[in-house]
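Trainee: Starting off with a structure, shown below.
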Amino acid sequence: MGLFDKLAGWLGLKKKEVNVLCLGLDNSGKTTIINQLKPSNAQAQDIVPTIGFSIEKFKTSSLSFTVFDMSGQGRYRNLWEHYYKEGQAIIFVIDSGDKLRMVVAKEELDTLLNHPDIKHRRIPILFFANKMDLRDALSAVKVSQLLCLENIKDKPWHICASDAVKGEGLQEGVDWLQDQIRTMKA
């Protein structure tokens, strides 16, 4: 690291880089959330389902995010674990209107939390209870109860109700995640 890089870091001018895994079942809204987090001039007009994974980059006031948008389709979920070591934070998206697959989402979350590359790390997890605009959507509290989030004792976590299409609830979650990452790196 050069002298100017060090100086920029000390003065807070250099953005810290962080790798974030964005996980969740297919059609939960992961790609739409990531698209909304990007600056408006970098947002895609049409969102298509992710096949395998895609890598997106965006910046906030203090952090530079590299987000691994992982496909939630059943046949691709085993790819998630190949990225656990690089992940410094996790965004887990739940379709709060999909009551039938809430059990599947819980199984995937339990598998994630028990994986050797995640289990013993204090990695922050941001949950988005997405699609809150749907008439029959479950509240963030109910989603939290169904996923048994209160049992997560060794990792900081937070859940936000969100509507990815309108961008509602996303800033609260990103602000929380930034605070957690800054605390980890301090």
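Note that Cβ sites are derived from N, Cα and C of the backbone, with glycine treated the same way.
Not my notes, these are from TrEMBL:
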type: BINDING; residues: Gly24, Leu25, Asp26, Asn27, Ser28, Gly29, Lys30, Thr31, Gly72, Asn130, Lys131, Met132, Asp133; note: GTP binding site
type: BINDING; residues: Thr31, Thr50; note: Mg(2+) binding site
Trainee: Looking only at Cβ atoms, how many others are within 10 Å of the one on Thr50 (Mg(2+) binding site)?
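Mentor: Around Thr50 (Mg(2+) binding site), other Cβ atoms within 10 Å: 18.
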Trainee: Whole-number answer please: how many Å between the C-alpha atoms of Thr31 (Mg(2+) binding site) and Gly24 (GTP binding site)?
Mentor: 10
Trainee: Out of Lys30, Lys131, give me whichever of these binding-site residues has the highest number of other Cβ atoms within 10 Å.
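Mentor: Sorting the candidates by Cβ neighbours within 10 Å, the top entry is Lys30.
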Trainee: Tally every other Cβ atom lying within 10 Å of the Cβ atom of Asp26 (GTP binding site).
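Mentor: The Cβ of Asp26 (GTP binding site) has 16 Cβ neighbours within 10 Å.
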Trainee: Neighbour count, 10 Å Cβ-Cβ cut-off, for Ser28 (GTP binding site): what number do you get?
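Mentor: Summing over all protein chains shown, Ser28 (GTP binding site) has 26 other Cβ atoms within 10 Å.
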Trainee: Can you tell me how many other Cβ atoms are located within 10 Å of the Cβ belonging to Asp133 (GTP binding site)?
Mentor: 15
